[in-house]
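Participant: Take a look at this one; I'll ask things after.
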Amino acid sequence: MSISKSLVLNEIKKFSPSHIIIGYSGGVDSSVLLNISKELDIPLIAIYINHNLHRDSLKWQIHCQQTCQKYNLQFISHSLDKVPKGESFEAWASKQRMAFFQKIMQQYSKPLLLLGHHQDDQAETFLIQAIRGSGLAGLAGIPHYKELHHGGVLRPLLKYSKIEIEGFAKLNNISYIYDDSNEDIKYRRNLIRNQIIPILQQVNPNISQTLSRSANICAESNNILQKLLTERLQSISQDTNLIISELIKLDDDIQKNLLHLWFKQNTQQSLKSKQIKELHLAVNNPSTGWQIDISNYYQIHIQYNQLIIKYPTTINDISKKDIISWLSKNLNEEIDLTKIVIRDRKPDDKCKYRGRNKPNKLKILFQELQIPTTERSKAKIILKDQQIIAVYPFFICG
C-alpha cells in the first residue's frame, strides 16, 4: 500500500486545527510528514528536539532549520538536559519531548500535534509491551489519535510501513537524515527492530502488519472494557470515593479492574500489579484506618465503608521556613540545616517518643496522643542522619 497524500491531508483537516505542530527530527518519517502537511493552508510549527547524544545532533538541527526556511515554516529547537541517573533514557526522553510539545501547544487555541510513528513502530511497541507482561491497555500500543489537555496528537502515518514511507520520500525527492544510533542494540527498541523482528519475519514476512493488527484489536477491546467498567464504577462510587460493600459484591477480576480504573480516573496515574493485589486484599478484609502509600503524592485509606484517595500535603504547601522555626523552638540543640531532611509520612515510620525506651509506629503514637485522623495527613517527618528526630507539627522524637 502506497501513501495517499490526499487521505493524510483530509485526515488532518477533519480536526480543523488552528495550528499544526510537527515533531520534526529530520528522519524519513517526520520529513515525509512535514512534506505532506506543508501543503495545508494552516499555520505550521516544526519542533526539533536535540537529545545531545550524537556527534551530529547539531548538524541535524541545522538541516531541519534550513528545510523549514526553504518552505517558509516556523522552526523551534529545544535541547534536553542530561538524563537523571538511574532513569531509562527512552522513557525519560519521551516524557521530556511530550512536555515541550504541550508547552508550545498551549500558546494556540486549537493545536494539533503530528508525530511520524508508523506501522513498524507499532509492531515494536507491541513486542515491548508483551515482554513487560502488559495487559490490554499496554498491548494496544501507540494510539492513532489521543486527546490532550490542550489539543490532540495525531499519527497520520501509523498504518503505513517504514518501506512505504521510504518509497514516498524517494519518489518525491525528500531529503532526510539517517541516525546511525538506531543500530545501537543497547537500546531495547533497537534490539527488537534489528534482531528480533528479522527472525520473526522468517516465520511471517508480514509480521509488522500482523502485530500492528493485534495492537488495534487490543485497543478496540480495551475501549469496550473501559466503557463497561466506567459505567459500573459510577454505580459504586460516591464522589471520588469507592463504596467497599458494593465493590466486593463483584467478581474478583472485575474488582481489580475497577480499583485500577478508579485510581487512574482520580489521579491520572496507574497502579502497579502488586498495589492492585494489596488493595484487593484490603477491601475484602476491610479495617478502618488501613492505608497504603502509592507514591510520594498519593495515599489510599479505608475509612469505614469507603476507599479514599488522600493527597498528602507537600513541603510546598507548608513553608519549610515554618517547619524549621517550629523545630528550633522545640528541639533543645543547635540545628545543622544541611543535615535536615523533610518528607511525607510512610506507613512503617517509627519514633522513640520522649521518655520511652523503644520506638513505636507513628500510627500508635497518634492514637495514644489522640491526634484526629483528619489531622494526621498534615504530618511532616523531619530526619537527621537518616533518623527521625521530629514529627511536625506534633512532637519531638528521641
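Note that the numbers count up from 1, one per residue, in the order the chain is shown.
Cβ coordinates are placed from backbone N, Cα and C, and glycine is handled just like the others.
Source: prediction; values computed, not measured.
Here's the feature list from Swiss-Prot:
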BINDING   Ser25, Gly26, Gly27, Val28, Asp29, Ser30  ATP binding site
Participant: Return the count of C-beta atoms lying within 10 angstroms of the C-beta of Ser25 (ATP binding site), excluding that atom itself.
Facilitator: 24
Participant: Given the binding-site residues Gly27, Val28, Asp29, Ser30, which one has the fewest other C-beta atoms within 10 angstroms of its C-beta?
Facilitator: Gly27
Participant: Name the residues of the same chain, 6+ apart in sequence, whose Cβ is under 8 Å from the Cβ of Gly26 (ATP binding site)?
Facilitator: Tyr48, Trp60, His63, Cys64, Thr67, Tyr176, Ile177
Participant: For Ser30 (ATP binding site), which DSSP three-state class applies?
Facilitator: helix
Participant: List the residues in the vicinity of the ATP site, defined as same-chain residues other than Ser25, Gly26, Gly27, Val28, Asp29, Ser30 with C-beta within 8 angstroms of the site's C-beta centre.
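Facilitator: Apart from Ser25, Gly26, Gly27, Val28, Asp29, Ser30, the close residues are Tyr24, Ser31, Val32, Gly116, Tyr176, Ile177.
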